[in-house]
């Protein structure tokens, strides 16, 4: 414990001098938030063969990927699972990877794809033949379905509060639009982050995309980026025919979700552009009536922090999303919450997606408090507070969105809206308003 306190102090000390700060002035809301919290370090304290940092993610139709780490390199990449506690009637082997960074060694990172699994069913599982028993519930195969959403998590007391509030109400899938651990090359922080979220991420699938804090260019001849992220957070890119772990898609219930990469090429000649174009063309709105997109850098924002950083990506990809009739676009990066009217090409458009910035998970850099004034008529609601969101898809036509502000022991609903998919509007469905993808 003493070593962990020293480690936490050294990390906090270095980050204090190396990290940018958000000026806490010109507050655009009447809700007052205390200063940012220090890092919340979670130690292991178990034998080396014990699985740790357990999390799950969707991995194609009726399958789940279980990821865990062991310090002992001899532990098998294997998951036992079944529908009853301590009774595992199935066992699946997987793969493993590892990486080094100067004197740091990641240990053995295991990825095991299990299934086929039944929808809306609780499974019990054990990793590597050792350690604790975990359990998860698979998402439903049809509506309703509920997503919990929070970006820019980090690992502070505010992160803990956000995760606690999310845990209080059930959900089916967690969406994280980038900036996970805020390790920023301090590799032990990846381990601490994995331990911090294990109690939640081992029970429901976490679907994530990368942010700028995941870039972590390694000081090698080839300057590899995203090495830690790609090793630890293997998403279903192969299952969605993407050649990169930085962008992919997945289906759950009646929702097709596309996770885009803000920090990998997206221009019209890029692999990501061609993959996105092909992916959207294959969407069958009879099978997946809802279409959701998640990315890190917002295309629309009225906050002064990172203003305009998503403009090039918007110019390259927005028309694809519009023609595909995307319903909702989530982003992070700006440490605030903001919800826009349906937009296309910087104008209100009832056939465009509803854009939501939700980079308020609890990161160490604090909140982005400086909004542009007066408030744009396109911006429906904005507030600089930590919290999380809930997207509940009720049926093929109706959905409900709510944003839950972290308020001491309670998680109060500060913003909510019920809406219908633009796809169901005869005006928006007309080919007169849509071109080919």
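Using N, Cα and C of the backbone, Cβ positions are placed for all residues, glycine too.
Fe cation binding, as stated in Swiss-Prot, involves 179, 182, 335; the candidate among 132, 152, 157, 164 given for that site is 152. Cross-referencing 212, 230, 245, 407 against the substrate binding annotation in Swiss-Prot, which names 333, 334, 335, picks out 212. Per Swiss-Prot, the candidate among 223, 237, 243, 296 that belongs to the Zn(2+) site alongside 179, 212, 333 is 296. The two recorded residues, residue 182 (Fe cation binding site) and residue 212 (Zn(2+) binding site), have Cα atoms 9 Å apart. Neighbour density at the Cβ, taken as the number of other Cβ atoms within 10 Å, is lowest among the binding-site residues 152, 179 for 179. Other than the site residues 152, 179, 182, 335, same-chain residues with C-beta atoms no more than 8 angstroms from the centre of those residues' C-beta atoms, the Fe cation site, are 151, 153, 154, 178, 211, 213, 332, 333, 359, 361, 363, 364, 365. Residue 212 (Zn(2+) binding site) falls within a helix when secondary structure is assigned with DSSP. Distance between Cα atoms for residue 306 (active site, proton donor) and residue 334 (substrate binding site): 7 Å, as a whole number. Fewest Cβ neighbours within 10 Å among the recorded positions 296, 306, 333, 335: this applies to 306.
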